Amino acid sequence: NLLQFGFMIRCANRRSRPVWHYMDYGCYCGKGGSGTPVDDLDRCCQVHDECYGEAVRRFGCAPYWTLYSWKCYGKAPTCNTKTRCQRFVCRCDAKAAECFARSPYQNSNWNINTKARCR
């Protein structure tokens, strides 16, 4: 779920950046998403959105609300969960958190005018 995803992000980036910085970044990080991602970090969010969509289509999951079990080993969020939905959503979140950690954060892409830049 979204709360657990936030903790995964903190795990992967060693708390180097507050989680809320990712809530309104580029064209895809945060609510909704459209157009061409502005950079690699925004592309991580696009892939995460697509992964959640796949969870809904393939398994009928509710990814924003699905609780799962995971642990933080070093900087690696590791899923340890049973059901198909839990496993799939957990992996979506873990992959995105790791992607965030390896992608540069450009302050100029935070809180952008999405109507103008995300076509």
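Note that Cβ sites are derived from N, Cα and C of the backbone, with glycine treated the same way.
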| message | The Ca(2+) site in Swiss-Prot lists Tyr28, Gly30, Gly32. Which one of Asp40, Asp49 belongs there according to the record? | response | Asp49
| query | Between Cys27, Cys29, which residue forms the disulfide that Swiss-Prot gives for Cys118? | reply | Cys27
| Mind checking which of Cys61, Cys72, Cys79 has the disulfide with Cys11 in Swiss-Prot? | Cys72
| query | The disulfide recorded in Swiss-Prot for Cys85 goes to which of Cys45, Cys51, Cys61, Cys99? | reply | Cys61
| message | Roughly how many Å lie between the Cα atoms of Asp49 (Ca(2+) binding site) and Cys29 (disulfide bond), rounded to a whole value? | response | 9
| message | Within 10 Å of Cys118 (disulfide bond) (Cα to Cα), which of the recorded positions Gly30, Gly32, His48, Asp93 do you find? | response | none
| query | For Cys11 (disulfide bond) and Asp93 (active site), what Cα-Cα distance in Å is obtained after rounding to a whole number? | reply | 12
